[in-house]
Amino acid sequence: MTAAQIPPQGSAAGSPGAEQDVEARVIPPAAVARLTLYLRALNVLLAEGTERVSSEELAEGCGVSSTNVRKDLSYLGSYGTRGVGYEVQYLSRRISKALGLTQEWRVAIVGAGNLGRALARYAGFENRGFDVVALLDADQMVIGQEVGWLRVSDVLDLEAVLHRTRANMVVLALPAGAAQTMCDRVIEAGVHSILSFAPVMLQVPEHVNLRKVDMATELQILAYHAQRLPEPGATSA
Ligand SMILES: NC(=O)c1ccc[n+]([C@@H]2O[C@H](COP(=O)([O-])OP(=O)(O)OC[C@H]3O[C@@H](n4cnc5c(N)ncnc54)[C@H](O)[C@@H]3O)[C@@H](O)[C@H]2O)c1
């Protein structure tokens, strides 16, 4: 094993001051995305009772290079010592903290159609620090229905529902035409972290964090890469 070791808390790099310095750093988006992969792998290792892991093992489990692992983890602090591997529990805590996952995230979903319902029923969010606290819709036939353990609220009451449930993230699972108005209302109600599935560009002020999920674009990227691969069984000329 050649991985660097995370120091025990209280040593120079693990001291509260050092952690604050580290947290002030901006982590590049691609590294943030990989940190979420490491966290998922580390949580599996934790559940299995594994105490240490090398950067090579972590890299293999996440499908990235060990150089990437070491570089990404260096954003959380410089850990220098080689040969012992990372302490799984400590590293998992550090990544969770860097990703803001030690904070309570309470998610309201607007749009209780196919997508909104599937998301509301998905049990995996809670394990990863996201509590789905509300599901809202505009359709009188849908309002009041039970989805999982939630009852669909009337979107006319959006502001009151967000306030009552202390939601601090909103997922928009709405038709494109309704998304901007709803996005504006959500921001006006004080929620500044929004994930949108609507196939439309949304305008938000600078202080708002907006992420857009576009599966069609992902599929197009996949198609581009797939057509560049040789057909199975094809021989190169
Ligand atoms: N990004 C992706 O990967 C992806 C994948 C699937 C769907 N989508 C998009 O997600 C959105 C939802 O998809 P779906 O399949 O669940 O659609 P759906 O038609 O099943 O559900 C939409 C829901 O939104 C509700 N709604 C409409 N206007 C509203 C408003 N102003 N306030 C509150 N609720 C309102 C409707 O009553 C309906 O229940 C669509 O825009 C779709 O294009 C994106």
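Any Cβ shown, glycine's included, is placed from N, Cα and C.
Pulled from TrEMBL:
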type	residues	note
DNA_BIND	37-76	DNA-binding region
BINDING	Gly111, Ala112, Gly113, Asn114, Leu115, Gly116	NAD(+) binding site
DOMAIN	100-201	domain 'CoA-binding'
REGION	1-20	region 'Disordered'
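Other residues of the same chain near the NAD(+) site, with their Cβ within 8 Å of the Cβ centroid of Gly111, Ala112, Gly113, Asn114, Leu115, Gly116, are Ile109, Arg117, Ala118, Leu119, Asp137, Ala173, Leu174.
DSSP labels the residues of the DNA-binding region (37-76) in these numbers: 29 helix, 2 strand, 9 coil. Of all Cβ atoms in the protein chains displayed, 18 besides its own lie within 10 Å of the Cβ of Leu115 (NAD(+) binding site). For the binding-site residues Gly111, Gly113, Gly116, the largest tally of other C-beta atoms within 10 A is found at Gly111.
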